[in-house]
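Enquirer: Input: one structure, supplied below.
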């Protein structure tokens with residue numbers, strides 16, 4: 001088994017929640033085989049989706065050209081109170097979700113277990129990660145758990161105010177002036193500055209529901225990832241218990257906009273964020289979008305967190 005095959009097998013084991021084991025190659029290839037992925041991908045390339053020039057902004061229907069501007073406005077407004085926003089949206093649990101998300105991905109390449117021919121460190125792209133919340137966790141994990149001083153993270157965000165907040169917070173970390181951390185302004189639907197097959201791990205946490213064309217962003221993720229690279233999303237989702245769902249929706253639609261007004265002086269932005277969660281695809285629907293882009297999806301395709309308030313989705317780019 002060459003170094004590239006070993007890396008692919010390791011990531012497939014990672015997605016399955018296990019560890020690499022001898023002789024597992026054939027079994028894992030069978031587990032992740034997706035006979036329809038290639039056909040779906042070819043069909044998508046040949047038949048672009050029909051668009052009528054409108055999309056949703058929360059519960060509002062707007063012109064596609066306006067959504068990006070309106071989303072920029074929301075996050076410009078909440079950039080300085082981003083942690084407060086997520087505390088309100090998740091009842092404070094988002095910090096635990098993010099920790100679990102990063103531990104589960106296990107970023108970094110341990111020099112004690114890596115072959116001499118393997119690239120040092122991972123190249124990670126964190127999309128919609130302007131404040132650095134996920135990037136700092138990734139670098140901390142790679143450094144302290146995997147003893148990897150080479151893994152690097154590029155944080156990409158469409159909003160300059162969010163990036164400014166991330167750069168400010170980076171000053172309180174060891175990575176502020178390190179080549180291991182970079183911030184760029186970019187639209188996830190068109191990542192022209194990122195070469196094909198160059199990224200080991202692509203992450204997006206609490207951001208993809210705000211994209212105008214989610215399918216385009218997922219296809220761009222597929223393009224920039226290396227064969228065997230991992231696409232990982234942490235996002236608010238659909239609660240899977242009827243009673244809990246009713247309670248959570250009452251909290252979301254009644255309390256969160258009001259608290260947003262009181263805490264941040266911005267009811268409208270928090271109202272949009274609640275509505276954007278409601279409009280986001282269900283767990284099976286989003287899993288299918290990932291598969292349609294060509295990714296192999298482990299198991300059922302997602303992991304529910306706190307009864308489905310949020311979910312982690314993963315896909316691996318075939319070798």
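From the backbone N, Cα and C atoms, a Cβ is placed for every residue, glycine too.
It should be emphasised that the depicted structure is a prediction, and the values quoted were computed from it without experimental measurement.
Sharing the record's features from TrEMBL:
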- 131, 157, 187, 188: S-adenosyl-L-methionine binding site (BINDING)
Enquirer: Give the number of CB atoms, excluding that of residue 157 (S-adenosyl-L-methionine binding site) itself, located within 10 Å of its CB.
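Expert: A 10 Å sphere around the Cβ of residue 157 (S-adenosyl-L-methionine binding site) contains 27 other Cβ atoms.
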Enquirer: Which ones in the same chain are close to residue 187 (S-adenosyl-L-methionine binding site), with CB under 8 Å and 6+ residues apart in sequence?
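Expert: Within the chain, residue 187 (S-adenosyl-L-methionine binding site) has Cβ neighbours under 8 Å at 68, 158.
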Enquirer: When you look at 131, 157, 187, 188, which the record names as binding S-adenosyl-L-methionine, what is the longest CA to CA distance in angstrom?
Expert: 16
Enquirer: Can you name the residues of this chain that are 6 or more positions from residue 131 (S-adenosyl-L-methionine binding site) yet have a C-beta less than 8 Å from its C-beta?
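Expert: Set apart from residue 131 (S-adenosyl-L-methionine binding site) by at least 6 residues yet with Cβ under 8 Å, we have 79, 82, 83, 162, 165, 166, 169.
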Enquirer: Identify, in sequence order, the residues in the chain of residue 188 (S-adenosyl-L-methionine binding site) that are 6 or more apart from it along the sequence and have a CB within less than 8 Å of its CB; answer 'none' if there are none.
Expert: 127, 128, 156, 158, 204, 207, 208, 211, 217, 220, 221
